[in-house]
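Peer 1: Just passing along the structure, written as structure tokens.
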Amino acid sequence: MPSNKSVSDAPITQFVNCRILKDHKLQWEDLWVREGKILNPEKLFFDEEGFADHKVDCEDKIIAPGFIDVQINGGYGIDFSQASSDIRGGVALVAKKILEHGVTSFCPTLVTSPSDIYHKVIPELRVQDGGPEGAGVLGIHLEGPFISEEKRGAHPPKFLRTFKAGGLADLMEIYGHLDNVAMVTLAPELANSAAAIHELSGRGIAVSLGHSMADLSQAEEAVQHGAKFITHLFNAMLPFHHRDPGIVGLLTSDRVPPGRTVYYGMIADGIHTHPAALRIAHRAHPAGLVLVTDAVMAMGLPPGRHTLGQQQIDIQGLHAYLTGTTTLSGSIATMDMCVRHFREASGCTVEAALEAASLHPAQMLGISHRKGTLEYGTDAGINASFGACFTFLFFYN
């Protein structure tokens with residue numbers, strides 16, 4: 001029999017024999033989904049007198065929200081910072097492939113590039129919902145070019161920019177427009193950065209601090225102007241010092257405005273950050289930790305020479321280096337690898353590891369009302385996992 005047609009003709013799927021991640025705990029509950037939305041079973045039973053059209057036996061697996069990767073430069077031969085002849089097709093390929101690793105939403109990330117690259121690529125990277133054909137695009141992450149030369153990492157120095165006047169004019173000159181932009185990484189110590197932070201935050205764009213020489217007071221001032229994220233904590237910033245902890249000090253700062261949370265990205269690939277550093281960050285500020293892959297086009301490909309924007313990189317084992325140097329240039333890790341490594345290295349709970357890849361990035365982007373949780377009415381991008389080994393079931397709108 002069909003479901004209650006007075007509400008919807010769409011079938012209802014019931015996931016049974018599972019633990020679901022809800023209210024920060026794993027709970028033995030069934031999960032009900034219709035048209036890509038999670039249903040309240042009480043309303044379904046008593047108000048609609050509805051029932052399931054299909055049942056899926058999860059065989060004791062954990063069901064968690066889909067992972068959200070807010071920093072991914074490409075993968076599977078696709079470099080988002082290259083103006084290829086088929087930019088949308090490249091994004092679609094990566095979106096399809098990362099589903100296999102539990103990612104149901106992501107922010108295609110562009111590293112520091114010449115202005116004409118931004119003008120060509122940004123209009124092609126459009127926000128779109130996910131589905132069986134691929135993970136959803138939440139918006140673009142622009143990492144640079146307004147960053148520190150001293151902490152540029154793998155970003156090409158000749159394309160770095162400063163804020164001449166600050167605010168919208170500098171941003172528009174380089175990027176062309178800000179449509180479909182979700183995040184911008186910048187160095188807050190750059191002159192006139194406060195106006196840019198204020199402008200971006202006012203447009204609902206998350207400002208992230210990274211590739212920076214900022215001290216703690218400069219980082220705190222940026223947060224007070226609206227910045228809310230730290231790009232790959234510990235990497236490409238001043239190291240922690242007990243007299244001035246720099247950007248790292250934001251994790252325990254008492255100058256963060258009341259009611260605000262500073263989130264921070266971590267590349268838990270076993271290479272970028274020592275397990276002890278992962279533990280220090282997580283124990284200092286567990287609610288702010290966001291797992292990111294920082295994956296490059298070589299993710300999913302054999303070792304060899306590849307590109308990251310305007311630069312060449314070499315893949316040696318699990319390391320991605322700027323060609324001819326020992327400078328790390330992103331990673332080749334997948335999100336499920338990062339979740340597993342973070343759990344093992346930090347000793348955190350399964351719940352905490354899963355939320356670092358789902359709930360926390362959704363909260364940072366201001367979309368936790370529809371993603372990153374399994375609350376009633378949210379989008380049903382679902383990961384089903386068992387123990388430390390992750391396999392996935394997907395269901396979408």
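Keep in mind that glycine also has a Cβ here, set from the backbone N, Cα and C atoms.
Per TrEMBL, the feature domain 'Amidohydrolase-related' maps to 62-383. The Zn(2+) binding site feature in TrEMBL is assigned to E143, H211, H232. Annotated substrate binding site per TrEMBL: A154, N235, A236, R243, H272, L328, S329, G330, in sequence order. According to TrEMBL, the active site, proton donor/acceptor annotation covers D294.
I'd like these features described in context: how deep, what's nearby, how far apart.
Peer 2: A C-beta separation below 8 Å, combined with a sequence spacing of at least six in one chain, links H232 (Zn(2+) binding site) to Q71, G210, G265, M266, I267, H272, V292, D294.
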Peer 1: Fill in the CA-CA distance, H211 (Zn(2+) binding site) to L328 (substrate binding site), as an integer in Å.
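Peer 2: So the alpha carbons of H211 (Zn(2+) binding site) and L328 (substrate binding site) sit roughly 13 Å from each other.
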Peer 1: Given the substrate binding site residues A154, N235, A236, R243, H272, L328, S329, G330 in the record, what is the largest Cα to Cα distance, rounded to whole Å?
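Peer 2: In whole numbers, the farthest two Cα atoms are 30 Å apart.
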Peer 1: May I ask for the distance between R243 (substrate binding site) and E143 (Zn(2+) binding site), taken between their Cα atoms and rounded to an integer number of Å?
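Peer 2: Just about 29 Å between their Cα atoms.
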Peer 1: Under 8 Å Cβ to Cβ from A236 (substrate binding site), same chain, six or more residues apart: give me those in sequence order, or none if nothing qualifies.
Peer 2: K151, R152, G153, G210, H211, S212
Peer 1: Which residue, out of the binding-site residues N235, S329, shows the minimum number of other Cβ atoms inside 10 Å of its Cβ in this structure?
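Peer 2: Each of the binding-site residues N235, S329 was scored; lowest Cβ tally within 10 Å is N235.
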